[in-house]
Amino acid sequence: MADEVIDSVKETIKGIFENVNVNVKNETASNEKKPPSSPEGIAVAYGSLVIMAMLPIIFGSIRSVKLHKLKKSTGEKADTMTKKDAMYFPLFASGALFGLYLFFKIFQKGHINFLLTGYFFVLGVIALAHLLSPVMNSLMPAAVPKVPFHILFTSGEGKHKEDLINYKFSTHDIVCLVISSVIGVWYLLKKHWIANNLFGLAFAINGVEMLHLNNFVTGVILLSGLFFYDIFWVFGTNVMVTVAKSFEAPIKLVFPQDLIDNGLNASNFAMLGLGDIVIPGIFIALLLRFDDSKKRKTRIYFYSTLAAYFLGLMATIFVMHVFKHAQPALLYLVPACMGTPLLVALIRGELKVLFAYEDHPEEKPEKKEKKEKEEGSSSGSSKKKESKKAK
C-alpha cells in the first residue's frame with residue numbers, strides 16, 4: 001500500500017515537472033516572436049511596475065485606516081473576511097480561474113472579452129470616480145459650487161421600511177464621474193495601456209482600502225492558501241498564464257519594455273496581476289491598522305512588511321529573468337510578508353499582542369446572552385410600568 005502511494009506521488013511530481021518544461025518551451029517560443037527589448041527598456045518597465053505595485057498598497061492602507069475609524073465612529077458594522085472565508089477563498093478562486101480557462105478554450109476569445117470589457121468598463125468608471133472624489137474636492141476652485149444631491153429609494157412603510165438606494169453625492173462627484181467616463185471610453189476604443197493602468201490602479205487602491213481582514217490569523221490563512229494556489233496554477237498547469245494573456249480587462253498592470261524605442265505605441269509588455277498587489281496589500285493594511293491602534297510614533301510593522309514586499313517583488317522579477325518563465329509572485333511575496341511581522345513581533349516580544357488584535361472584536365457568547373437577558377428584563381420592566389400607568 002505504501003509503495004503504491006509513493007509511486008503515485010512520484011508520477012504526480014514527474015507530471016508537474018514535465019508540464020513546467022512544456023510551459024518553459026511555450027514561453028520561450030512566444031518570447032522569440034516578440035520584438036527584442038533593450039536592457040534599459042526592460043529595467044524601466046519592471047522598475048515602473050514595482051513603483052505602480054507599491055503605490056496602491058501605501059495609499060490604500062492609509063485610506064483603510066481612515067475608513068476603519070469612520071466606521072467605528074458611526075457604529076457601522078464593517079464587512080470583514082472571516083477565517084472560514086479565508087479558507088474557502090483559494091477554492092473559489094481556483095474554480096473561477098479554471099472556468100475562465102474553459103470559456104477561452106470553448107468559445108471565441110473576442111466574444112468573451114467583449115462582455116468582460118463592458119463589465120469592467122462600468123466597474124472601472126465607478127472605482128476611478130471614487131478614487132478621484134477626495135482629490136477633486138480639494139482641487140476644485142471655490143467658484144465652482146458644491147451642490148449636494150441625495151437619491152433615496154425605499155420599500156415598505158413604518159417598521160418594515162427599507163432603503164434600497166441611499167446615495168449622497170455632489171456636483172464635484174459628477175465632474176469625477178465625467179472624467180472617469182472619458183477615460184473609460186478611451187479604454188473601450190483603444191485598449192491603451194495607460195487607460196488600462198489607470199483602471200487597474202483604481203481597482204487596486206479601492207481593494208486594499210475596502211477589503212478588511214479582521215485579524216492576523218485570518219490573513220495568515222488567506223496568504224497560505226493562495227501561496228499554494230499560485231504555485232499550482234502557474235507551475236502545475238498553463239491555466240494562469242493562458243488566462244492572463246487572453247483576458248483583455250484591467251485586471252493587471254502593464255508597462256512596455258520597448259517604450260524607449262517605440263514610445264507610447266510600444267507593444268512588448270511586462271505585466272503584474274492585481275492579485276499580487278491586492279492580496280498582500282490587504283494584509284499590509286491590517287498591519288498599519290494594528291500600528292495605528294497602538295498609538296505609536298513609528299509604524300514598524302507596516303514599514304518593515306512593505307520593505308519585505310518590495311524585496312519579494314524584486315526576487316520574483318530576478319528569478320523570472322534567470323529562468324525565462326512566468327513566476328507565481330506569491331511564492332516569494334507570501335513568505336516575505338508573513339515572516340517579517342512575525343520576526344518583528346518576536347524581537348519586540350509582541351507575538352501575543354499581534355495575534356490577539358482584531359479590527360472589530362466580536363462579543364463572546366456569554367456576554368451576548370447576558371446582554372440579551374439585560375435588554376429583555378429592561379424591556380419587560382418598562383412594559384410593566386406602562387401598564388400600571390394605564391391603570
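Each residue, glycine too, has its Cβ placed from N, Cα and C.
A TrEMBL annotation is a machine prediction, not a hand-curated record.
The compositional bias 'Basic and acidic residues' feature in TrEMBL is assigned to 360-376. As annotated by TrEMBL, region 'Disordered' applies to 360-391. Taken from TrEMBL, the feature transmembrane segment covers 43-65, 86-104, 110-132, 169-188, 220-244, 264-288, 300-323, 329-347.
It is 264-288 that, among the stretches 169-188, 220-244, 264-288, 300-323, forms the most Cβ pairs under 8 Å with the transmembrane segment (43-65).
Highlighted: of the candidate stretches 110-132, 220-244, 264-288, 300-323, 329-347, 220-244 has the greatest count of Cβ pairs under 8 Å to the transmembrane segment (86-104). Residues 117, 121, 124-126, 128-129, 132-133, 136-137, 140, 144-149, 151, 195-196, 198-199, 250 of the same chain lie 6 or more positions beyond the ends of the transmembrane segment (169-188) yet place their CB under 8 Å from a CB of it. Away from its own ends, the transmembrane segment (220-244) comes close to residues 16, 19-20, 22-23, 26-27, 81, 83, 86-87, 89-90, 93-94, 97-98, 100-101, 104, 213, 252, 271, 273, 275, 279-280, 283, 326-331, 334-335, 337-338 of its chain (Cβ-Cβ under 8 Å, at least six residues beyond either end).
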